[in-house]
Structures are given as structure tokens and as C-alpha cells.
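One structure is given below, encoded as C-alpha cells.
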Amino acid sequence: MLRFGEFKTKAGRLSPYFFNAGLFNDGAKLGRLAEFYAHRLLDAKLEFDMLFGPAYKGITLAAAVSIELARLGKNVPYAYNRKEAKDHGEGGTLVGAPVQGRVLIIDDVISAGTSVRESIAMIQAAGATPCGVAIALDRQEKATENGNDAPYSAVQWVERQLGLPVCAIATLTDLLQYLQSGSDAQLGTHFASVAAYRDRYGV
Ligand SMILES: O=P(O)(O)OC[C@H]1O[C@H](OP(=O)(O)OP(=O)(O)O)[C@H](O)[C@@H]1O
Ligand SMILES: O=C(O)c1cc(=O)[nH]c(=O)[nH]1
């Protein structure tokens, strides 16, 4: 799921690593990932009425986490958006349960914060209240603000400016510790480039 090489992020940064949640591409892998999200959420004792998964990768994540939460005794509705509005049938951009009450965003990664800002705006536009965010990886990168790098990360912005909790299963710090640990000599060869990226874009 984690790849090393050269990847352009949504914010246009050239990253030596990339977390590809699209590679949780069978039932066992996606189900296992959903277990991590669900346990992380239950441990954090976050209160929420429903889940929202931003397109595209957040869609399967929200669906899988809702199934796992139901299995653990917490059955909540979920919704997601379309990136392109549909102009026939039911129309619109929101799909699934009505977006209402306290809404928890489920996404894969937060980098510079564009996606999470968009999700918050969609939830508020529907008249609901964003109440937190769950992600697999916090890349601990500078947020972008009007196209410029901010001195705080996107997760810090969500937590400090908006007062919303963010639950991450793993962080860039965890990744760097793993790369440096010597557990996998081949993966360890990527430590220097990832550390250099953190020096440039990290907080
Ligand atoms: O914090 P940010 O700088 O916004 O970057 C992280 C976002 O980028 C990706 O979304 P994207 O829309 O690129 O991909 P997807 O359609 O594959 O989900 C990813 O799924 C996160 O939502
Ligand atoms: O910033 C991004 O666009 C991004 C980073 C990453 O590691 N994975 C991903 O899906 N998107």
C-alpha cells in the first residue's frame, strides 16, 4: 500500500513515498483496514451520528468502516459525494444517507488539507456538523493556505482552528521510525529521501 519512488501529491509536491489506499483491493485487505479504523475510533470514544467518505477513495473506506462498526455493535449511516454532479436520476453530488447531525469524515490520507477542507464545506452546506476526521495516514505536512505553505500541518489546522479531533492510524513519524529501525533493510534505503521530504514539507 505504501510505495516509494516519485509521486506528485494533490498539492503538487513531489513526494518520495505514497500511500495508495486503492491497493486495499480485496475483501480481506479492506476488511482488515476497516478493523483498524473502527477500533481506533471506538478507542478514541468519538461521538458521531454518521460517516462521510469523500470521493473517491473515501467512499469504499466509509462503507467498509460502517460495516465493521455495525459488526462491533455501532450501526451508523454513511454517505459520500460524487466528484461530478449527476444530472439525471436522483441527481446531485451526495449519495447515501441524508447528511445530518454530527458527521465523521473517513479518508485515507491528509497531506496539505485540501480534501478535508472540501469535505467540511460539503457537510456544512448540507446543514450538518463535521465532528471529527479518521484517516489511515497523517503525512504531517505543512497545510497550504491560498497556495502557500503554512507553518502548521493540515491536521494541526483541523484540530486547533476548527477544534475537531483527528484520529490517525499511523503518521509520517511512525513511517520514519520503521524505515530507520532496520526491520527491513531494503525499505530502510528509503529513509534518507523520506526524511529529506519531511525537512522540506514537514512540520
Ligand atoms: O490533504 P490533501 O493535500 O488534500 O491530500 C490528500 C487527499 O488526496 C487524495 O485525494 P484525491 O482527490 O487526490 O484522490 P482520490 O480521488 O484517489 O481519492 C487523498 O485521497 C486525500 O483525500
Ligand atoms: O497528497 C496526496 O495527494 C496523497 C498522498 C498519499 O500518500 N496518498 C494519496 O492517496 N494522496
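Any Cβ shown, glycine's included, is placed from N, Cα and C.
Fair warning: this is a prediction, and the values are worked out from it, not measured in the lab.
Features as listed in TrEMBL:
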- Lys10, 56-57, 82-83, Lys86, His88, 107-115: 5-phospho-alpha-D-ribose 1-diphosphate binding site (BINDING)
- Phe18, Phe19, Ser111, Arg139: orotate binding site (BINDING)
- 34-145: domain 'Phosphoribosyltransferase' (DOMAIN)
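Secondary structure at Lys57 (5-phospho-alpha-D-ribose 1-diphosphate binding site), taken from DSSP and collapsed to helix, strand or coil, is helix.
Listed in sequence order, Met1, Leu2, Arg3, Asp108, Val109, Ala136, Leu137, Arg139 are the same-chain residues at least 6 apart in sequence whose CB falls under 8 Å from the CB of Phe19 (orotate binding site).
Residue environment of Arg139 (orotate binding site) contains 28 other Cβ atoms, counted within 10 Å of its Cβ in all protein chains. On the backbone, the CA of Ala112 (5-phospho-alpha-D-ribose 1-diphosphate binding site) and the CA of Phe18 (orotate binding site) stand 14 Å apart.
Annotation note: Asp108 (5-phospho-alpha-D-ribose 1-diphosphate binding site) sits in a coil segment as assigned by DSSP. Here the CA atom of Phe18 (orotate binding site) lies 17 Å from the CA atom of Thr114 (5-phospho-alpha-D-ribose 1-diphosphate binding site). The local packing around Ile110 (5-phospho-alpha-D-ribose 1-diphosphate binding site), expressed as other Cβ atoms within 10 Å of its Cβ over all shown chains, amounts to 26. Close contacts with ligand 2, defined as a Cβ under 6 Å from any of its atoms, occur at Lys10, Phe18, Phe19, Ser111 among the binding-site residues Lys10, Phe18, Phe19, Lys83, Ser111. Annotation: Ser111 carries the greatest number of neighbouring Cβ atoms among the binding-site residues Phe18, Lys57, Asp108, Ser111, Thr114 [cut-off 10 Å, Cβ to Cβ]. Ranking the binding-site residues Lys10, Lys83, His88 by how many Cβ atoms sit within 10 Å of each one's Cβ puts Lys10 at the top. Among the binding-site residues Phe18, Phe19, Lys57, Lys83, Asp108, Arg139, the ones whose Cβ sits under 6 Å from an atom of ligand 1 are, in sequence order, Lys57, Asp108. Cα of Phe18 (orotate binding site) to Cα of Lys10 (5-phospho-alpha-D-ribose 1-diphosphate binding site): a span of 11 Å.
Taking the Cα of Ser111 (orotate binding site) as the reference point, the closest of the binding-site residues Lys10, Lys83, His88 is Lys10.
Every protein chain shown contributes to the tally, and the Cβ of Ala112 (5-phospho-alpha-D-ribose 1-diphosphate binding site) ends up with 24 other Cβ atoms within 10 Å.
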